[in-house]
Amino acid sequence: MASKATQGSIKEIQGDLFDAPDGAALIHACNCIGSWGGGIAKAFKQKYPAAYNIYHSHCQKYKFSPEYLVTSDPPNQPNNAQSSTRNKEIQLPEGTALIIPPQEKDYKDKDKKHWIICLFTSRNYGKRVSPPDVIIRNTELAVADMVRQIHRLRAEESGIGELWSCRFNSGLFGVEWVLSKRVLEESGLDFVVVRPVDEDE
């Protein structure tokens, strides 16, 4: 039976991302260096240390055995007749998503299990964070990769539940939320986006 494409939706609420229901997947943006040292990533590391170890090992794997994603960068200035499609090499895991299943060490003393989804949108962090245009391009690639993986996981009845997200990229990466939100809106999936109660719309 052929599946019909559905339009995704985003519901924005105020609260605590970590209050997501049992089985939910929590989405945040990550650097490719293996550090969850600041912002909401630091809270992820404290609450899900086993998931952090998987993320860190994933980054280290590509550090010592580099692999590259070849992607085309289509012209986005229609008034520029000289623009042409160019191929770009991106060093993994940049531009991809890592979906980490609930880890027993992270949920054994809690009443809820959470999946963790890492979107690799910046190569580095701090003063070496990627420029906003690169982060958004990586976000497009990473979200597309996440969507492919989620469709596969749901087909396998893996138990992955609702998709909950922070306003990723808008904190320490310094990218306006509206730009990342647009990428989610075009993904075809449904998301609950949580912002802290003290954060303005």
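Every residue, even glycine, has its Cβ placed from backbone N, Cα and C.
If you look up Swiss-Prot, you'll see 1-201 marked as domain 'Macro'.
Summarising the annotation, Swiss-Prot assigns substrate binding site to 15-17, 29-31, 36-41, 168-174 and lists similarity to another entry as the type of evidence. For F168 (substrate binding site), the number of other Cβ atoms no farther than 10 Å from its own Cβ, over all displayed protein chains, is 29.
A sphere of 10 angstroms centred on the C-beta of G171 (substrate binding site) encloses 17 other C-beta atoms. For the binding-site residues G15, G39, G174, the ranking by surrounding Cβ atoms (within 10 Å, all protein chains) places G39 first. With a cut-off of 8 Å between CB atoms and residues at least 6 apart in sequence, the same chain places C30, K42, F44, K45, Y52, Y55 near W36 (substrate binding site), listed in sequence order. According to its DSSP assignment, A29 (substrate binding site) is in a strand.
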